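Q: Here it is, the structure in full.
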């Protein structure tokens, strides 16, 4: 079983902002695999389903970004999911819009949501999918909580489909195969 987590902030104010790439990715995965994310629990919203024969839990923590680890660890503990089967999807300002990077482990790289997950799991060793949102052109907070331009939004729609394919590959063929196939791919 896999726990697929998309990071973001709850509420209409944050919908489709750069910082909510994880939520958008989870919604895209859910739509493709007919998984309803309508259950309340684990300090978030989640849904259970199947991706290519593998059981998955899709989770959107509603703790706000900086406390995401609380939600992740609750779900992981409840379902007894190993860290290697927790996939976290989130925005990355060091990657251009339209680029993704998959990692098996690593530091938080300044991302507060990841910092909190590392803290709660007591480990940096969980796979993640970083989705490029571009370098800030203004104040960091305003930038990540801002929406994409119309041109960027077109790329993001495409990248969300690629993220879905990457997660499918991670679940079925393993993280290393997904890294080989999707890292370096740019729209």
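Glycine is treated like the rest: Cβ placed from N, Cα and C.
Swiss-Prot lists these features:
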- 9: site 'Discriminates between blocked and unblocked aminoacyl-tRNA' (SITE)
- 14, 64, 66, 112: tRNA binding site (BINDING)
- 19: active site, proton acceptor (ACT_SITE)
- 91: site 'Stabilizes the basic form of H active site to accept a proton' (SITE)
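Distances, neighbours, how buried they are, the whole picture for these features please.
A: Same-chain residues at least 6 positions away in sequence with a Cβ under 8 Å from that of residue 9 (site 'Discriminates between blocked and unblocked aminoacyl-tRNA') are, in sequence order, 17, 19, 20, 64, 65, 145.
Within 10 Å of the C-beta of residue 64 (tRNA binding site) there are 16 other C-beta atoms, taking all protein chains into account.
Counting every protein chain shown, 23 other Cβ atoms lie within 10 Å of the Cβ of residue 19 (active site, proton acceptor).
The Cβ of residue 91 (site 'Stabilizes the basic form of H active site to accept a proton') lies under 8 Å from the Cβ of 7, 18, 19, 20, 21, 22, 111, 130, 131, 133, 144, each of these being in the same chain and 6 or more residues away along the sequence.
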Q: Quick one: largest C-alpha distance among 14, 64, 66, 112, binding tRNA per the record, in angstrom?
A: 16
Q: Cβ atoms within 10 Å, counted per site: which of 66, 112 has the most, among these binding-site residues?
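A: Per the Cβ count within 10 Å, the most buried is 112.
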Q: With an 8 Å cut-off on Cβ distance to the 14, 64, 66, 112 Cβ center, who else from the chain surrounds the tRNA site?
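A: Going along the sequence, the neighbours appear as 9, 19, 63, 65, 67, 68, 113.
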Q: Near residue 14 (tRNA binding site), which residues of its own chain have a C-beta under 8 A away, given they sit six or more steps off in sequence?
A: 8, 20, 145
Q: Per DSSP, residue 91 (site 'Stabilizes the basic form of H active site to accept a proton') is which: helix, strand or coil?
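A: Where residue 91 (site 'Stabilizes the basic form of H active site to accept a proton') sits, the three-state DSSP reduction gives strand.
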